[in-house]
Amino acid sequence: MPFTFAHPAIVIPFNKQIPKYFNITALILGSMAPDFEYFLRFKPIGEMGHTSLGVFYFDLPTVFIMAFLWNYIIKKTFILSLPHPFDKKLSYFVDKKSNVINIKYLIIFVFSALLGVYSHILWDAFTHKTGFFVTRIALLSNNIKIMNFKIPIYKILQHGSTLIATIYIIIYIFSIMRYNPQKVDYFRKSTKILYWSLIIFMTLLITTYRILFTLNFFSLRYFGIYIVSFISSGILSVLIISAIFNISLEK
């Protein structure tokens, strides 16, 4: 399957073309939600996120929770801690508010979240060994010889689409950067360094603990577990450090 953080590329165009009918936060989080189960488990094993029922009892609630954490805990400190000029050109996002009490907003949010989730599942269906279309279209399992390696077509689609999607997301981020006329208390360089240093330290600490004290082994066979554990540790660290910074800013 494509890299989790590449999945938003498939839903971003919906918000760009007809933004009043979509919620960009729900679209993006929804497009990644089926994989969040891996990050919660700290290993690439899932039983809920990619299932028909799991869409509603795991993915959708996860989008609501992640949207809350992003809007009220992570967003401000994360954006203002970005290097120049990203902090200044993206700071207009800091004061954007969400109103889930509004019925129209709630309907748009849920619709956008579900669209994001199903886009993820559809993408995986073409690029995963056990994907719906991979198991039904023999062509996708055929091998293409590249140098001395035989690579299945679905695997080429997986990594190729991830690369294209990542490039698209980078271009999109630059396209939404703009001057913010509002007065913003930007972080000093020392504050940014502290923020990212703490995140890096905590990420490495949690990852090390996960590998040495809960897995009790180190082998390249478990490379996938190490990668997911590292990403999980990073997400958790961003959440914790952002919360600490928010508390310190309010004093």
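Note that Cβ sites are derived from N, Cα and C of the backbone, with glycine treated the same way.
What TrEMBL says about this one:
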TRANSMEM  21-40  transmembrane segment
TRANSMEM  52-74  transmembrane segment
TRANSMEM  105-123  transmembrane segment
TRANSMEM  156-174  transmembrane segment
TRANSMEM  194-213  transmembrane segment
TRANSMEM  225-249  transmembrane segment
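Listed by sequence, the residues of this chain that lie at least six past the ends of the transmembrane segment (21-40) yet keep a Cβ under 8 A from its Cβ atoms are 1, 4-5, 7-8, 10-12, 14-15, 46-50, 54-55, 58-60, 62-63, 66-67, 70-71, 98, 105, 108-117, 119-121, 124, 228, 231-232, 235. Proximity of distant same-chain residues to the transmembrane segment (225-249), defined by a Cβ-Cβ separation under 8 Å and at least 6 residues beyond the stretch ends, is recorded for 4, 38-44, 69, 73-74, 76-78, 81, 195, 198-200, 202-207, 210-211, 215.
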